[in-house]
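Annotated in TrEMBL:
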- Arg122, Tyr124, Leu139, Lys141, Met148, Ser149: FAD binding site (BINDING)
- 71-173: domain 'FAD-binding FR-type' (DOMAIN)
Amino acid sequence: LQVMSDNEQDWLALRPQEPSPSQCCGGGCKPCIYDVYEKELAQWERAKAMQDKSLLMGKKEQSSNSELNPDTFTAFSVSSVEQLTEDTYQYKFELPGNSSLRLSLGQHIVLRGLVNGLEVQRAYTPISPGNAEGYFEVLIKCYEAGLMSQYIKTWKRGDVVFWRGPFGGFPYRPNKHGELLMLASGTGLAPMIPILRSITDDEEDETFVTLVGCFPTFDKIYLKPLLQDLARYWNIRIFYVLSQETSLEKLPWSYQENTYTGRLNEDLTKTIVNSCRRKPFVLICGSSAFNEDMSRYLKAAGIEENSCFVF
């Protein structure tokens with residue numbers, strides 16, 4: 001029986017651990033947690049071959065200088081927690097001084113949580129403007145059985161949590177598209193908000209926007225005051241599709257004429273596409289089932305695949 005030398009054991013202890021599937025958020029991040037692992041493993045193999053541990057010193061798991069970074073997790077502290085609906089919350093995080101995350105439109109960041117000793121990572125899109133100074137805000141829906149949700153539900157003001165990023169995003173340019181049609185289900189609203197805000201904040205941007213927000217009931221529509229403000233702009237229209245409401249009578253009158261009951265189906269999608277003032281470029285964000293349905297309905301409505309972007 002070969003006994004491992006102390007030196008071998010030391011090196012083994014330093015070997016980076018392969019991520020478990022729960023650590024991948026599935027958001028298509030570059031670098032993904034697996035890319036980071038491959039890079040660290042190569043670094044470890046090189047250091048071991050040369051028997052030089054100082055080559056590993058550059059390996060940082062997390063940083064505390066509050067600069068968001070795609071490769072390492074950075075600590076941010078929770079400055080406020082606001083409950084929006086029974087299962088959805090808006091969390092505000094502090095940024096040092098007047099610094100900003102400097103996100104491009106629709107970019108997401110990845111949260112790391114520890115639940116019962118298991119590391120979990122999930123992607124979320126900040127809803128605050130990309131250039132917001134001193135803070136950023138994230139909209140999160142907590143699921144009864146969700147691993148990450150169990151961790152998030154414990155957050156209170158002053159807690160420190162770890163984020164890395166940014167990743168992805170939609171390469172938006174003012175006036176590039178005549179009309180944007182945004183199809184959002186639930187928290188799929190998040191990446192749409194910064195794009196809407198950038199259009200309304202730019203007087204030169206004359207892009208028309210039709211936002212369709214899909215929610216179960218009227219009570220579960222998030223960010224109503226913000227959406228009402230945005231809908232006052234000449235180039236923004238907002239429709240709601242409420243899958244569990246049976247009648248519009250109980251809704252405030254201001255919502256009645258732009259709300260549909262039932263699900264967003266092929267016919268309704270066609271009606272909305274045909275009501276657009278120009279041929280729309282479509283942004284889609286929701287569950288994978290929602291995204292697949294929307295892609296199918298849009299195809300039936302004559303919208304080509306190259307005229308769609310799925311977050």
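Just so it is clear, glycine is given a Cβ too, placed from its N, Cα and C backbone atoms.
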Neighbours of Arg122, Tyr124, Leu139, Lys141, Met148, Ser149 excl. site residues, C-beta within 8 Å of centre, FAD: Leu111, Val138, Ile140, Cys142, Gly146, Ile152, Thr187
Mean predicted confidence [pLDDT] for the domain 'FAD-binding FR-type' (71-173): 88
For FAD: widest Cα to Cα gap among Arg122, Tyr124, Leu139, Lys141, Met148, Ser149 in Å: 14
Tyr124 (FAD binding site), number of other Cβ atoms within 10 Å: 23
Lowest local Cβ density among Leu139, Met148, which the record lists as binding-site residues, within 10 Å: Met148
Neighbourhood of Lys141 (FAD binding site), C-beta criterion under 8 angstroms, separation at least six: Asp87, Thr88, Gly186, Thr187
Greatest C-beta neighbour count within 10 angstroms, which of the binding-site residues Arg122, Ser149: Arg122
